[in-house]
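Visitor: Shown below is the structure under consideration.
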Amino acid sequence: MATLRKQYAVSRYVYSEDSFGEDYEKVYRVRKTTLDHVKEYLTCDSKRAKNAVLSLLPIIGWMRIYRVREWLLGDVVSGISTGLIAIMQGLAFSLLASLPPSYGLYTAFFPMLTYFFLGTSRHISVGSFPVLSLMVGAVVTRLVPDEGPPANITGFEGLTQDQQRVLVASSVTFLMGIFQLAMGVLQVGFIVVYLSDTLVSGFTTAAAVHILVSQLKFVLGLTVPGISGPLSIIYTLEKIFVQITSTNICDLVMSILIMAMVFIVKELNDIYKAKLPVPIPIEVIMTVIACGVSYGFNFEKRYDVEIVGKMVSGYEPPMAPNVEVFQESAVEAFPIAIVGFAVAFSVAKVYSIKHDYTIDGNQELIAFGISNIFGASFRSFAASTALSRTAVQESSGGKTQIAGLISAMMAMIVTVALGFLLEPLPRSVLGALVIVNLKGMLMQFREIPYLWRRDKTECLVWLGTCLGAILLGLDLGLVVGLGVELLTVVFRSQFPRCSVLANINGTDLYRDRKDYLHIFEPKGVKIFRIPSPIFFANIEFFRDKLVEAVGFNPLRVLRKRNKALRKIKKQLGSRDLVCQTTEESYMNMEELDQPTDLKGFPFQMDWNAELPSNVDVPRVDLHSLILDFSAVSFLDISAMKGLKMALKEFIRIDVDVYIVACDVYIVEKLHMCMFFDDEILTSMFFPTLHDAMLHVLEKHKDDTKNGWVVRKNCSWTYYTILPELAWLLLPSGFKITRQKI
């Protein structure tokens, strides 16, 4: 099928930036100063006050448009479905945080109460997230290990091990909330853009591996102490394999059966999701069955199965965080805050686009910060969102956070009235539920071949993040991933893919000369393009690539010419022109870098003519160099100095340099930094590449290389090149020029 083509014709003058400015007057805008912005930010009126309230309390916005008849039933059904899953996940993910299961129900309740009022997303399900639970658990096991004494913290005195761990988890969560709230107040929600999808994918995959290994001890019924720090996953696997012969067969069989059933039903939910009003809550069903079977057959006593045990009934009074735990865990709390926000924001963004409403990253930081501070005061641990839980809330008809509030109410009912029913639940069942829910994250390993084929640099980021997080731990792994990602950005901007362009025949389009067959390249013209900003780190690379593109070093050519002139001046015997030092080894390099001085010469030099054997000057067939700056977004001071030096080197060897499609703000900055002088002129700048090319062709339309003539009083005589320097010894008034014979 042929592509539809339309023609257009434009008739206009060839413009340089100077001539364009003469014909079209530019509007000079008065830009606001920093003080103006501060005054505007601090100014308050009724409209701004109203917007501020709506921004801080997004619930007002969506409650005003709430359609009770259309949305309420869907929110109720969604809230019940999501609540059942949130209860099971809260119990299971509390094991990842090395806490008693009942505190997972706290995380399903308290953070949602504040997010309901402050959050901008209408669809995410706020609660426990396995990656955050594991990161909190790493701090918990470090400060309160399974074996050995806890850390020397005053607040631990008189507390049981479980109470110490709850204090650590809630204090870390409180500090995490402070970090998130501070970032929200300081309006740094943009920080999430530095966590690319590739990095997050590699990081969550590594977290899934950690979670899988951490749950093996529950599935196998082994007693393995929690280990944190670099290579903790290796040490944990070592301890598991040492005890593998002590596996509790009842735990193992029960875990395998539950994982198989949950996996099959989840697949059926995906296949028939269009026909099912709500997904089958298989986790809840299997949990109820496991509780009944465990209680009926007394698994704890008969098969030595570890069960959930005593559930906390009701809620405990709020408590203050421990400052000493803050000091011990500040390094871990910050990446927990970043990961929690990044995951929640990315999930929220997906559903906001799907349902056509906006979310505010800074307000989300504030909402999660306050939610985690509030939840930590009541002994909950780090809250974010889980993709699977959010998917259920949205797919089962949830329209607003009323569904989330109902799911929180269900967690409250279980905590207050029904918690005792979960006491006989085997912990291996919770471990199995955690593992089977890792399918989505573990399947991200399939991205490796895809990334390798499409973008090897992105694949390197994925592998670096994943391996770093697996081997060094999630906190250090995130730092490694960010380092690798930033290095790839630096590498791409410091070593961009420069190219030499050529005109596509019959068009005003210019493309890489290596990519096309039918191209037009005027002799003596070179078009060079750099597709990145030019700054201190890549200015030397730019200059090297420019020299490589033109095929010669302009500074070397200039020095050779100046040395040749010294020889010529000496042989001509002009005392006023002869250099004071005749030895080349003692020549001043600064003088050699200056423009060629032809004052007082009785002829005009043409450096492309045949020169005597003892005069070695490289031939330069280039008369015009065009630099395409259309992709250059900024220049810093160091780059300006290097660029100015490079341009002067070409200008001093009689190569005309033109800069095209330069951003107007870069041109303004060049004026401010005194970039222009007697050699570098504003007339070098052209608005488009084609304008510059037409100017060059017009300027050099008569240039040919068929012979050499000496012109005297408008009469022409052809001279052949004489040996040695005799060709230079012409009477005063003669000059050598190029002319077609």
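All positions are counted from 1 along the displayed chain.
Even glycines carry a Cβ here, placed using N, Cα and C.
Here's the feature list from TrEMBL:
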type     : residues : note
TRANSMEM : 72-97    : transmembrane segment
TRANSMEM : 103-119  : transmembrane segment
TRANSMEM : 126-145  : transmembrane segment
TRANSMEM : 165-195  : transmembrane segment
TRANSMEM : 207-228  : transmembrane segment
TRANSMEM : 240-264  : transmembrane segment
TRANSMEM : 276-297  : transmembrane segment
TRANSMEM : 333-353  : transmembrane segment
TRANSMEM : 365-382  : transmembrane segment
TRANSMEM : 402-422  : transmembrane segment
TRANSMEM : 460-487  : transmembrane segment
DOMAIN   : 515-696  : domain 'STAS'
Visitor: Can you find at least 3 Cβ pairs under 8 Å between the transmembrane segment (207-228) and the transmembrane segment (72-97), where each pair is 6 or more residues apart in sequence?
Guide: yes
Visitor: So which of 126-145, 165-195, 333-353, 365-382, 402-422 has the most C-beta pairs under 8 Å when paired with the transmembrane segment (103-119)?
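Guide: Against the transmembrane segment (103-119), the leading stretch is 365-382.
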Visitor: Cβ under 8 Å, sequence separation of at least 6 from the ends of the transmembrane segment (126-145): give me the contacting residues as numbers and ranges.
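Guide: Here the qualifying positions are 86, 89-90, 93-94, 96-99, 104, 107-108, 111-112, 115, 119, 151, 153, 156, 161, 164-165, 168-169, 172-173, 203-204, 207-208, 210-211, 214, 225-229, 232, 325, 328-329, 332-333, 335-336, 339-340, 343-344, 371, 381-386, 389, 404, 434, 437-438, 473-475.
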Visitor: Is it the case that the transmembrane segment (276-297) and the transmembrane segment (240-264) have 3 or more CB pairs under 8 Å, with pairs at least 6 apart in sequence?
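Guide: Between the transmembrane segment (276-297) and the transmembrane segment (240-264), contact is present.
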Visitor: Between the transmembrane segment (72-97) and the transmembrane segment (402-422), do 3 or more CB pairs sit under 8 angstroms, pairs being 6 or more residues apart?
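Guide: The answer is yes, given that the two segments have at least 3 Cβ pairs within the 8 Å cut-off.
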Visitor: Could you give the mean pLDDT over the domain 'STAS' (515-696), rounded to a whole number?
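Guide: A mean pLDDT of 83 is what the model gives the domain 'STAS' (515-696).
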Visitor: Going along the chain, which residues at least six beyond the ends of the transmembrane segment (72-97) come within the CB cut-off of under 8 Å?
Guide: 103-108, 125, 127-130, 133-134, 136-137, 140, 169, 211, 214-215, 218, 277-279, 281, 283-284, 287, 308, 381-382, 386, 388-389, 392-394, 396-400, 402-411, 414, 422, 425, 427, 430-431, 433-434, 437
